[in-house]
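Some features that TrEMBL has for this protein:
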- GLY125, THR126, PHE158, ASP247, GLU248, VAL249, GLN250, THR310: pyridoxal 5'-phosphate binding site (BINDING)
- ARG161, THR309: N(2)-acetyl-L-ornithine binding site (BINDING)
- LYS280: N6-(pyridoxal phosphate)lysine (MOD_RES)
Amino acid sequence: MTEQHLEPQDPAALAGADSVAHWTERYGHALMDTFGAPQRVLVRGEGPYVWDADGFRYLDLLGGIAVNSLGHAHPTLTAAISAQLGTLGHISNFFASPTQIALAERLLAVADAPEGSRVFLTNSGTEANEAAFKMARRNSEGPGGARRTRVLALEGAFHGRSMGALALTSKAAYREPFEPLPGGVEFLPFGDTAALEAAFADGRGDTVAAVFLEPIQGEAGVLPLPPGYLVRARELTEAHGALLILDEVQTGMGRTGAWLAHQHPHLGGGIRPDVVTLAKGLGGGFPVGAVLAYGERAATLLGRGQHGTTFGGNPVASAAALATIGVIERDGLLAHVTDLGAWWRGAIAALGHPLVAEVRGEGLLIAVQLTAPVAAEVASRALGEGFVVNPCTPSTIRLAPPFVLTREQAATFTDFLAALPHDLGVTA
Ligand SMILES: Cc1ncc(COP(=O)(O)O)c(C=O)c1O
């Protein structure tokens with residue numbers, strides 16, 4: 001039992017009707033096996049901690065994969081959701097609600113979107129990207145009658161699992177079982193400005209409908225686009241009438257210490273995209289996504305009847321997102337994310353541990369790059385000692401904790417890393 005495991009475990013409970021083992025067995029009989037066996041069955045959370053069915057406590061340094069920005073069971077978020085559900089829980093999109101309208105206005109404000117910009121609300125990241133892909137398809141007429149059929153994405157990109165978003169996702173193992181996927185997508189080498197320029201060269205620039213980019217690739221291992229790449233992408237898309245679509249599903253809504261990652265001058269260079277997609281942290285744990293269309297041209301690509309969703313704009317989801325944004329502002333969490341992230345990355349790097357090759361990231365989206373492909377082993381040991389982390393590549397540990405994490409709590413994981421055997425790569 002380590003320091004993280006504060007609650008005494010009852011040996012009888014471990015094999016009992018409410019144990020992790022029992023629930024895991026039932027999971028296997030009831031749920032499709034798309035995710036593999038669950039690592040634990042969790043029963044409650046509070047702040048940055050979660051507890052499993054056996055009573056063990058874990059410091060949640062993954063935050064539901066960059067979702068639980070306010071931690072678990074945040075009182076303001078819980079109250080906002082409960083109040084909205086008790087007042088008006090769901091309506092159809094034949095009607096509107098004040099929370100939906102207020103959320104769209106808040107999003108346009110935090111995005112610093114110009115006059116004429118508009119929002120489409122979704123329920124997830126893949127749906128937001130699906131809508132953005134449809135916007136790209138509507139950007140179909142080039143000069144001189146050219147057809148804009150090409151959509152450029154990057155190697156390593158992850159944009160979701162529905163068919164359109166999957167077509168934009170580069171990993172062959174995710175894509176190939178589901179082909180044929182929507183066509184026209186081309187994958188360019190990550191961060192390679194010359195390759196991007198070449199895709200627009202030789203008179204082919206007017207056939208590009210959109211360029212889809214993550215400012216920092218999350219699933220690929222927290223890889224920021226190199227400085228200047230987004231600026232060049234903006235120049236090329238603008239010159240040729242293509243849309244610049246930024247997938248900020250993982251990086252948006254404060255995760256990097258700015259509302260949107262591309263708002264960091266060193267990442268975005270001051271550019272304004274045509275479209276930004278959001279989800280994950282937007283609702284602080286409640287499922288909600290959004291597409292922000294910047295300016296009238298982008299905002300009118302999807303006309304009446306050309307897109308829709310039953311739950312998008314749901315009043316409860318909108319209230320959750322408004323409450324999450326409100327707490328981030330009220331509690332100064334953007335500054336905290338920036339400060340804590342910088343301090344923590346520095347502290348881990350300063351360990352000089354031979355297993356740690358590099359620590360990178362922005363705000364509280366952090367990668368600990370290992371010197372050997374032992375990320376799964378490190379994550380498994382971490383879980384055993386009460387930390388939830390994610391081996392997002394064979395040699396990368398991803399951290400995306402709640403914004404309410406304190407230095408003291410973060411430091412407990414630094415200590416865990418410090419104590420890792422130096423020869424883990426050799427013995428694993
Ligand atoms: C950058 C990015 N885009 C899209 C998605 C898909 O979002 P969702 O899982 O909500 O469909 C993810 C999820 O990991 C993501 O990281």
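Placement of Cβ uses the backbone N, Cα and C atoms for every residue, glycine included.
This view paints the features noted in TrEMBL onto the structure.
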| residue | record | contacts (Cβ under 8 Å, 6+ apart) |
| --- | --- | --- |
| GLY125 | pyridoxal 5'-phosphate binding site | HIS159, GLY160, ALA165, ASP247, VAL249, GLN250, THR277, LEU278, ALA279, LYS280, GLY289 |
| THR126 | pyridoxal 5'-phosphate binding site | HIS159, GLY160, ARG161, SER162, ALA165 |
| PHE158 | pyridoxal 5'-phosphate binding site | THR169, SER170, LYS171, GLU214, GLN217, GLY218, GLU219, ALA220 |
| GLU248 | pyridoxal 5'-phosphate binding site | GLU214, PRO215, LEU260, ALA261, HIS262, VAL276, THR277, LEU278 |
| THR309 | N(2)-acetyl-L-ornithine binding site | ASN93, LEU121, THR122, ASN123, GLU127 |
Where the C-beta lies under 6 angstroms from ligand 1, the matching binding-site residues among THR126, PHE158, ASP247, GLU248: THR126, PHE158, ASP247
Taking the Cβ of each of the binding-site residues and counting other Cβ atoms inside 10 Å, which one has the highest number: GLN250, THR310? GLN250
According to DSSP, folded down to helix, strand and coil, what is ASP247 (pyridoxal 5'-phosphate binding site)? strand
Let me know the largest Cα to Cα distance in Å among the pyridoxal 5'-phosphate-binding residues GLY125, THR126, PHE158, ASP247, GLU248, VAL249, GLN250, THR310, as an integer. 25
